[in-house]
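Copied from Swiss-Prot, the annotated features are:
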- LYS184: active site, proton acceptor (ACT_SITE)
- GLU191: active site, proton donor (ACT_SITE)
- GLY11, LEU12, ALA13, VAL14, MET15, GLY16, ASN34, ARG35, THR36, VAL76, LYS77, ALA78, ASN104: NADP(+) binding site (BINDING)
- ASN104, SER130, GLY131, GLY132, HIS187, ASN188, TYR192, LYS259, ARG286, ARG445, HIS451: substrate binding site (BINDING)
Amino acid sequence: MSGQADIALIGLAVMGQNLILNMDEKGFVVCAYNRTVAKVKEFLANEAKDTKVIGADSLEDMVSKLKSPRKVMLLVKAGSAVDDFIQQLVPLLSAGDVIIDGGNSEYQDTSRRCDELAKLGLLFVGSGVSGGEEGARHGPSLMPGGHEAAWPLIQPIFQAICAKADGEPCCEWVGDGGAGHFVKMVHNGIEYGDMQLICEAYHIMKSLGLSADQMADEFGKWNSAELDSFLIEITRDILKYKDGKGYLLERIRDTAGQKGTGKWTAIAALQYGVPVTLIGEAVFSRCLSALKDERVQASSVLKGPSTKAQVANLTKFLDDIKHALYCAKIVSYAQGFMLMREAARENKWRLNYGGIALMWRGGCIIRSVFLGNIKDAYTSQPELSNLLLDDFFKKAIERGQDSWREVVANAFRWGIPVPALSTALSFYDGYRTAKLPANLLQAQRDYFGAHTYELLGQEGQFHHTNWTGTGGNVSASTYQA
């Protein structure tokens, strides 16, 4: 029978299968396709048995089974695989049909695909999908962007299958071009930051001699207050987990992997000139963890401080760690939203920052109560330049900064690496400093490269000084540093 499916989904790895089952559960007829056709038959005979899901044995067969305008979602590996499928789909589709890329594609690729397909009359959507396998099955956070004309066509499906927070769907149109995938990239970068901050809190507690159960209890307490979040919750569960050999966490090799989206966020921050320092440190911390053999060798020859980790009042210091984690988390999100704001300005995206915070409230890895406070901040002040300037977050840091400073200072004294906690504190202090030592930096640049400088009160007028009396008076035009 032709024209019976509401949407087709290409790619039957776990995420693809679970999204199909989610759509089916919400009443949509889905056509499943995979490059390896045997996988389609296997899926229909097992996971999709007794559902309305139908299969296709070729792209032509798949397209013939779709209602018009046709909607095809790709959940395949980012990069050339997406372009290959698009190339094969183009001759089979008609003007007004929609192709959706639900993978972790680079936002520049999504922008390019939008431009290319617009010339052919096809609508393209690049959608971030967050929440992992469980989210895909029971309600992910969805961040669609691209050709806005596609939104009314996919909105009923996307808002039916997504997670809900306080009854509102964790899915809304993000913006043109690569906006959806850019927001998903920043989400993943913030996820890197959150995880690193939690790891540093764990490292400090472990150095103080807390047992796995004691640390789990502490994370459990934090999860019932302002740090209530998915990542804090699973950290508690991981710490408590035992198998036949005891606590599993202690036997896991301390080398962290990464798929690249955190790195993309750090690169984008450099490209847009936004100091997203915490996410950068989170990425570099994973790189450092990968140097396991070198670290083991260095640990036996490089000396640290003689001071051991100990405090007079453990209960109070554990509370200090909680406040430090919360304050640094505020900075991480402030930096992420700074990056989105600058990218939106340069790409002429109309991003709804409160809406983005709501999209992240449910279904995704960084879901937390905290995001509700961010939504409130941008709802009351849509043009807010930085979350740190919002009254709620300003007061939170005022309450917690003494604890934050105490934790970072002690970690330094004890030789415990806290790159994320400390870079967040440095950013906070830099952001609140009216006059930074960049005047000296600019003078140095002018000294060796004749790069000129502005004088206070004479902004826009550039001066060069012959610092040695032997150089010239001409400013530089090519040499940059």
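Here the Cβ of each residue, glycine as well, is placed from N, Cα and C on the backbone.
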Candidate nearest GLY131 (substrate binding site) in space, where candidates are the binding-site residues ALA13, ASN34, ASN104 and distance is Cα-Cα: ASN104
Rounded to the nearest Å - Cα separation of HIS451 (substrate binding site) and the residue listed as 'active site, proton donor': 39
MET15 (NADP(+) binding site) versus ARG286 (substrate binding site) - Cα distance in angstrom: 25
Those recorded positions listed as LYS184, HIS187, ARG286, HIS451, and which of them has the most Cβ atoms within 10 Å of its own Cβ: LYS184
Conformational class of ASN104 (NADP(+) binding site) under the three-state DSSP mapping: coil
Whole-number Å value for how far LYS184 (active site, proton acceptor) lies from GLY11 (NADP(+) binding site) (Cα to Cα): 20
Candidate nearest ALA13 (NADP(+) binding site) in space, where candidates are the recorded positions LYS184, HIS187, GLU191, TYR192 and distance is Cα-Cα: LYS184
Site extent for NADP(+), whole Å (max Cα pair distance, GLY11, LEU12, ALA13, VAL14, MET15, GLY16, ASN34, ARG35, THR36, VAL76, LYS77, ALA78, ASN104): 21
TYR192 (substrate binding site) to ASN34 (NADP(+) binding site) - Cα separation in whole Å: 31
Between THR36 (NADP(+) binding site) and HIS187 (substrate binding site), the C-alpha gap once rounded to whole angstrom: 32
Candidate with sparsest Cβ neighbourhood (10 Å radius) among THR36, GLY131, the listed binding-site residues: THR36
Cα distance (Å, whole number) from ASN34 (NADP(+) binding site) to GLU191 (active site, proton donor): 30
Neighbour tally for ASN34 (NADP(+) binding site), based on other Cβ positions within 10 Å of its Cβ: 21
The residue listed as 'active site, proton acceptor' in three-state DSSP notation: helix
